[in-house]
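Novice: The structure's right below; bear with me while I get my questions together.
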């Protein structure tokens, strides 16, 4: 495709203008939150500044752990991640994970999982196309279970990617907008990219960033 010389020169000049540091900072949100729920059930280590963490757990995990890095206040941000996730025979999720304050809800955007799909025993809400894949969407109610406010009854929302992956970008707004049709609110508590496991053995090394 040919471009007039004058226009091409202007285009080259425009493309050569450096981006201000403040603009770059606005495009990314520094990680400021470490999720470490029962990380002692395995070997959890992290570098918050670099946005990296690792977790190793052995068969016979007695309980449930959720570990990861993210933000103290959630938002409909885009989250980019890359993981080496090995948990094929474990009850485990690799997911965006967080909570809504009111109405209280726990949510997961599951990018990969072991041998248990959390939608298998939940109420289906249909499917959602996002980020080059199809997600199975479901909801469940947890009665008198541990939550961010102690023991309470709350709703869970899940989007489970059907073509599992271990790297990519998650456009959380697509999921939040879909869930909002079913009562999902926007009073965000923390939001992380997490590894959770409740049985089996596995390991994960993860790098995460958000904008």
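Numbers run from 1 along the shown chain.
Glycine residues also receive a Cβ, built from the backbone N, Cα and C atoms like all the rest.
Under the heading active site, nucleophile, TrEMBL lists 106. What TrEMBL records for 196 is active site, proton donor. Per TrEMBL, domain 'GH11' is recorded for 20-209. TrEMBL lists 1-16 with the feature signal peptide.
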Novice: Taking 106, 196 as the active-site residues to compare, which has the smallest set of other Cβ atoms within 10 Å?
Specialist: 106
Novice: Can you give me the Cα-Cα distance between the residue listed as 'active site, proton donor' and residue 106 (active site, nucleophile) in Å, rounded to a whole number?
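Specialist: The Cα atom of the residue listed as 'active site, proton donor' is 13 Å away from the Cα atom of residue 106 (active site, nucleophile).
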